[in-house]
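One structure below.
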Number of protein chains: 2
Amino acid sequence: MSGRLDEFGLIARYFRPLATAPGAAGLTDDAATIPHAFGKELVVTTDAVVAGVHFFPDDPADAVARKALRVNLSDLAAKGARPTGYLVTLALPDVWDEDWLEAFSEGLAIDQEEFGVSLLGGDTVRSPGGLVISITAFGHAAEGHVPRRDGAAPGQRLYVTGTIGDAALGLMLRQDERLGRLWDLSRAEKEALLDRYLLPEPRVALASVVGAYGTASMDVSDGLIGDVRKLAEASRVGAVIDAVRVPLSSGVARAARLDPPALGSALTGGDDYEILLAIDPEDAEAFEAEAISLGVRVADIGVLTEGSAVRVERHGREMIFQRGSWNHF
Amino acid sequence: MSGRLDEFGLIARYFRPLATAPGAAGLTDDAATIPHAFGKELVVTTDAVVAGVHFFPDDPADAVARKALRVNLSDLAAKGARPTGYLVTLALPDVWDEDWLEAFSEGLAIDQEEFGVSLLGGDTVRSPGGLVISITAFGHAAEGHVPRRDGAAPGQRLYVTGTIGDAALGLMLRQDERLGRLWDLSRAEKEALLDRYLLPEPRVALASVVGAYGTASMDVSDGLIGDVRKLAEASRVGAVIDAVRVPLSSGVARAARLDPPALGSALTGGDDYEILLAIDPEDAEAFEAEAISLGVRVADIGVLTEGSAVRVERHGREMIFQRGSWNHF
């Protein structure tokens, strides 16, 4: 539909003028801050997931619940905030069953335990159209240590946590299981990719390190390359990414070798829920050491530059992507 | 669907066990609190509205936006909290248009001005099924002055703000305009009822007075009598309501006179968004004086008692209702 605003245009035109509070950051970020007690800031974020858009209607209810919560915890972690609580609004279709709800609440219970959060409230409404789960999550960050998207400067390094592309290839596998053979995946690799789409691993453990060292930070939810562009644009810098340094799991690495377009899918697909952050070169060693001590893999994937161009290189040649970003909307 | 849990049963069974934070109040209340700086508490609440359930799909977008925000501000006011900001999640059908969104954001802008709040963030997702608007609102209350539902004691008075039943009769009028003749409404009265359904008037101005004097408080959203029962049950008390003292607008009063069942609809219909609160008799005079000075009408409609029975009397005779409460779910 040409001429139509996309999600970002829609927000900029209709909603940015309403974001008058300083902590709203003009709606250019993934979370808002509310000044808080004792040198802390309260960080709030909200993300919704919709059946048939963000998950498959037949996904297990416990996984759906955990995904809905985790995508929010991921936003908080990227803002240096440790989660404390959340609200959940369930818009349920006319036909719902108790087994589904029981599994849904059990999924939440598992993640509450894992991440140390409490349900604070919510709302249940009837939704004639279909299931929508909207979660608002709260976390605490140290005052002045909530990295925005717009704080990066030329010369700083770009880091990413974990591995990239697992969820995107997991989704492709789910849609076409023959890809498993094309990519020569072991059973374990296949399951790892499928699991990763179903259940993101928010980098909650790294939150305070992100807050301490990140000059700019965001979670990677809409594809790495597109999200690098967003961070660079917000910070008014360019970037050069070395695709070879982007960390890949063994399954994604083999898929990329045997089926080159799969590398593009890995770098531009969505649902990674890793953290992309800019680090001052002087801090790089300390940042890496602290991340390792927390058991989180981090990789230096490139550098921020003057200008506004975002260039992705592979063995010295520029990679061109058909689309830089996945837009859930 | 007999044997099925209703919304409250569903919450109690599946979600109450997850509400481990003290500020969540076991999900028995309309808002949660987060300890805050400088003798304040941060109060958070979330309420969603769904097209075809909470509003008519052809309602003006600006009114839909304001209603979605105001039902949340009403919850905050009933908890003694002045609103500061909100998050909005829009699940939009595949077909949406910019005119609608423009009017929606204009509606929010008007109410931001009126109530002194800022948009803090949100999410926009595609919803194949239909429009769902989920808002989370934040407010500040004085520490220790967030009246819960469960703080009332026998001997205390029950007060309600404004007038009751306008929105319920407005909805009935909208569904069957012949009722306007049966109820002998003037054009102005008819419009007042219709407007009241479309656009609630949250009692934001009264928030600090509610916090200062209310021993228990909630907003009246699901029908006065049903909500009295909820407050009484939470506080483990009974109540005697004098229906004659329930404040009615001229339109509702005439409808009740000419069409007696309309009184039942007024007392049990939903969407009032007034505040129901319990006041110690010693504080009643001061509370009334402060409310009047703020231009908010308050009425003493009955007394809380020992036991658990909620009795509604009219000229000394008990009124029996077919249903005590409206369940949006």
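Start at 1 and count along the chain as shown; that gives each residue its number.
In case you wondered, yes, glycine gets a Cβ from its N, Cα and C as well.
Caution: TrEMBL annotation is automatic and unverified by curators.
Positions annotated as domain 'PurM-like N-terminal' by TrEMBL: A:29-140.
According to its DSSP assignment, A:ASP30 (Mg(2+) 3 binding site) is coil. Under the heading Mg(2+) 3 binding site, TrEMBL lists A:ASP30, A:ASP75, A:ASP219.
TrEMBL lists A:ASP30, A:THR45, A:ASP75 with the feature Mg(2+) 4 binding site. Residues within less than 8 Å, Cβ to Cβ, of A:ASP75 (Mg(2+) 3 binding site) and separated from it by at least 6 positions along the same chain comprise A:ASP30, A:ALA31, A:THR45, A:ASP47, A:ALA137, A:ASP219. Reduced to three states, the DSSP call for A:ASP75 (Mg(2+) 3 binding site) is helix.
The Mg(2+) 1 binding site annotation in TrEMBL covers A:THR46, A:ASP47, A:ASP123.
What TrEMBL lists as Mg(2+) 2 binding site is A:ASP47, A:ASP75. Around the Cβ of A:ASP47 (Mg(2+) 1 binding site), 27 further Cβ atoms fall within 10 Å across all displayed protein chains.
In the three-state DSSP scheme, A:ASP271 (substrate binding site) is classed as coil. Residues or ranges marked as substrate binding site by TrEMBL: A:HIS54, A:ASP271, A:TRP326.
A:GLY122 (ATP binding site) carries a strand DSSP state (E or B). For A:GLY122 (ATP binding site), the same-chain residues 6+ apart in sequence whose C-beta sits under 8 angstroms from its C-beta are A:LEU87, A:VAL88, A:THR89, A:LEU90. For A:GLY122, A:ASP123, A:ARG149, A:SER221, the entry in TrEMBL reads ATP binding site.
Taken from TrEMBL, the feature domain 'PurM-like C-terminal' covers A:154-312.
The annotation Mg(2+) 5 binding site is assigned in TrEMBL to A:ASP222. For A:ASP222 (Mg(2+) 5 binding site), other Cβ atoms within 10 Å of its Cβ number 23.
A:HIS54 (substrate binding site) sits 11 Å from A:SER221 (ATP binding site), taking the C-alpha atoms as the reference points.
Checking each of the binding-site residues (A:THR46, A:ASP123, A:ARG149, A:ASP271) against A:ASP222 (Mg(2+) 5 binding site), the C-alpha distance stays within 10 Å for A:ASP271.
Proximity to chain B (Cβ-Cβ distance under 8 Å) holds for none of the binding-site residues A:ARG149, A:ASP219, A:ASP271. Among the binding-site residues A:ARG149, A:SER221, A:ASP271, not one has a Cα within 10 Å of the Cα of A:ASP123 (Mg(2+) 1 binding site).
Here A:SER221 (ATP binding site) is positioned 5 angstrom away from A:ASP271 (substrate binding site), judged by their C-alpha atoms. In this structure, the binding-site residues under consideration are A:ASP30, A:ASP219, and the one with the smallest number of other Cβ atoms within 10 Å of its Cβ is A:ASP30.
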